[in-house]
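Visitor: Below is the structure I would like to discuss, written out as structure tokens.
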Amino acid sequence: MSTSEAGAAATVIPIDDVARDHGKAPAVATAPPPPAAAAAVPAAATTTAPRKTGVPFFRRADRGSRCVALLDFVLRVAAFGPALAAAIATGTSDETLSVFTQFFQFHARFDDFPALLFFMVANAIAAGYLVLSLPFSAVIVLRPQAIGLRHLLLVCDMIIAALLTAAAAAAAAIVDLAHSGNLRANWVPICMQFHGFCQRTSGAVVGSFLAVLVLLFLVILAAFAIRKR
């Protein structure tokens with residue numbers, strides 16, 4: 001080995017060995033700081049992100065449709081009461097009139113008149129339909145764009161309105177005959193004797209016609225809503 005090679009070998013000293021000899025820990029390499037542009041991107045994104053706010057139930061886009069659907073729901077509840085009351089009043093309108101003794105009696109029964117029997121059944125069907133249609137009406141309140149349900153309810157409303165109109169008209173004729181009689185046929189009025197029967201059937205006819213009016217308004221309302229959509 002020459003003198004120059006020995007000098008070169010002597011000058012190579014590891015840094016770790018020197019730091020260990022002096023009692024110092026080796027330097028830890030640190031990552032360079034991120035660029036200013038990269039650090040500013042998340043801050044800008046957080047400042048420009050839109051704030052989440054709750055969407056109101058009656059939005060501006062479909063506020064009118066929701067109001068019409070809500071009115072439809074309320075009217076169905078309103079029509080249910082008169083229809084059910086008419087069916088109950090007719091079904092409980094039987095009356096017995098005793099003359100002289102309890103063995104000689106006259107009866108006034110609603111099922112003796114086919115028109116009144118049809119009237120009671122029609123009102124019971126209408127009341128049941130109005131209850132069953134409430135969930136569908138509630139779905140339309142939540143989803144005004146459900147045109148198929150609107151068409152279905154419109155057709156069913158028209159059928160029930162026609163059925164209830166026929167039943168109420170037939171019952172009204174019988175009630176008028178019970179109040180006034182018919183002189184040409186020698187049919188005497190019976191309401192002078194059977195007060196309870198006539199009062200119940202008369203009230204039932206009035207309630208049924210109220211339900212018919214509400215159903216007709218429902219048909220007009222549904223047609224207007226479908227045409228608007």
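Cβ atoms are placed via backbone N, Cα and C, with glycine included.
Since we're looking at a predicted model, the values are computed, not measured.
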Visitor: Identify whether R66 and V141 belong to the same side of the membrane as annotated by Swiss-Prot.
Guide: yes
Visitor: Given the transmembrane segment (206-226), which of the listed stretches 68-88, 116-136, 158-178 has the most Cβ pairs that are under 8 Å apart from it?
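Guide: Comparing 68-88, 116-136, 158-178: 68-88 has the most Cβ pairs near the transmembrane segment (206-226).
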Visitor: Which residues, given as numbers and ranges, are at least 6 beyond the ends of the transmembrane segment (68-88) yet have a Cβ under 8 Å from it?
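Guide: Distant contacts of the transmembrane segment (68-88): 119-120, 123-124, 126-127, 130-131, 133-134, 137-138, 140-141, 144, 153, 164, 203-205, 207-208, 210-211, 214-215, 217-218, 221-222, 224-225.
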Visitor: Sort out the residues at least 6 away from either end of the topological domain 'Cytoplasmic' (137-157), same chain, that have Cβ-Cβ distances under 8 Å to it, and list them.
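Guide: Tertiary neighbours of the topological domain 'Cytoplasmic' (137-157) are 62, 65-66, 68-70, 72-73, 76, 129, 215, 218-219, 222-223, 225-226, 229.
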